[in-house]
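**Q** Quick paste from TrEMBL:
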- B:6-24: transmembrane segment (TRANSMEM)
- B:54-73: transmembrane segment (TRANSMEM)
- B:108-324: domain 'ABC transmembrane type-1' (DOMAIN)
- B:112-133: transmembrane segment (TRANSMEM)
- B:145-165: transmembrane segment (TRANSMEM)
- B:202-224: transmembrane segment (TRANSMEM)
- B:254-279: transmembrane segment (TRANSMEM)
- B:303-326: transmembrane segment (TRANSMEM)
């Protein structure tokens, strides 16, 4: 509609480009984590993740096999033959390596002195040849080919390579004490009851606040709106003390109750706003036909409120899944058996700060489920947001 | 017992219990207490209908009261007592001890910085994204992607941005985007961004802005669509350029929504804890109130000062609380 006065096409292009830039800026950090979780430790250390999509050129140092063991005499000269990658344990004996040698040298001062296939003269008849696939031939006299293997500096290009090993380690390795498998199930155990129970309680309350006449109703609605913004930080110590006093202590029951309590204001508010908007005639017809409030609620209101129920369910799910504070205070005891994923990641940030393959993979494991829920149920999430704030 | 099994049982017991409570209490009301028959039929029906709302409300009110209302007063009480002295009343002693703590003032200063920058930046970016994506063909995909960080936990976002801010020694390849760009642009040596006082606050705020922009965008985009088209048509006819249309016609019409978005993000900012906890844990002058409170409550075991700082957060939230209630009441009339 901006177009009716004949919008300039230059401006349209500017809009397209700025949106593209904005979107790129917004997904770039997440993309970094995702890509990093599929790279090996060496790759992560040697280059930024944005380089992962292109062939990587790396400088490496190899050593040939030890002459003492592997040299053979041939026509009066001694020869050591083999493949640099095989000697380094980076490839099988068939010489099938992914990297391609671009240049090599035998001195740290000239690491790219020779091209693959070229024969280097190391003085007094000692020679060395390195092929593009890492095969080498080293020849010389008895004296020259002794002691340790010759150092070879190699500049090689390896194609992009991705691996599932990190996920294997983080999720399925039973020996990995820092694995995410247990934390994943713990998170799930926290989340599902903490999502379902408040919905039911809130739905009844919301119906009463929306469609039943009684004194003090407006006051209660105002109270719910007020509690909507009360910081849950205030509740930590009083409720932990209470839980300890009544014998719940730290554990799943405590965290379920806490999440239920903290989630209720939003649940009641969202559901009430939605239910108030339902057509009055339906409810009045049902009443005339002799339906009780309970029947109206179960048979009419609940099915009609499905969109609102779904939006709150998504909110509560995301919130409980992503929560750190409530879990730390009400759930995780000193044994650490009940740790959740967010807590596990914070712990990893402390102990494995530089091991990005573990960190990135663990973080992505915990992010993946909310992302799936988000993209699958985005419609309801947006609807819930709109009902929750623009009122 | 296996927690998964325990969870399943809890779902069944919890849901079953709720349903049973609502169903049975209704039955009890209608059949036993005030049955709609006999000589008092009419009066009984009225009485039953007067009680029923409270049956429906009771579990919710109980949970709200216990988990949100009671803690406010209990925390207030704790902030005025000394736990080590057996809970003796000490007046404002905890508050004055807190006021003498430089870390507290650092947290207050940083919280104000957060309050100034994060809601403003998120709302501005959100408005920009909403306006730009509104009229292009792939706008919905763009919106989805900008909105996506909403689903990511603060802890997950902290890891994501720690990778962005990562710094490694000068002689090896940088794997953090920020340092890589900085060196490309002629920076001398890599910087450990999160340890640079003052500016590290900004780097932490970027994480929350990144998360909250999507929220602002979704709400504001709905508001922009609600603007009556005649007003814009009239402006175009009068020769307004796109920028004038945006700032002089559209923004004033959605001012109410902008305020709502702003206050909602303000509340999120006041409670911000996970990001600071996971990324710096308040070191290098990045302390904020919520993390300060956690430190005092669970590390120093100082319930007095911890509760006092929680009350400060409550105090900061109160104006928004009052404003929200005022608006809600206005609407109900």
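Keep in mind that glycine also has a Cβ here, set from the backbone N, Cα and C atoms.
Thinking about packing and proximity, how do these listed features fit into the structure?
**A** Away from its own ends, the transmembrane segment (B:202-224) comes close to residues 113-114, 117-119, 121-123, 125-127, 129-131, 133-134, 143, 146-150, 152, 154, 157-158, 161, 165, 193-194, 250, 254, 257-258, 260-261, 264-265, 268-269, 272, 275-276, 279-280, 286 of its chain (Cβ-Cβ under 8 Å, at least six residues beyond either end).
Distant neighbours of the transmembrane segment (B:254-279): 111, 114-115, 118-120, 122-123, 126-127, 153-155, 157-159, 161-162, 194, 204, 207-208, 212, 215-216, 219-220, 223-224, 226-227, 286-291, 294, 313, 316-317, 320, 323-324; these residues of the same chain sit at least 6 beyond its ends, with a Cβ under 8 Å from one of its Cβ atoms.
Tertiary neighbourhood of the transmembrane segment (B:303-326): same-chain residues 72, 75-76, 78-79, 81-83, 90, 93-95, 97-98, 101, 104, 107-108, 111, 263, 266-267, 270-271, 289-290, 292-297, selected by CB-CB distance under 8 Å and a gap of 6+ residues from either end.
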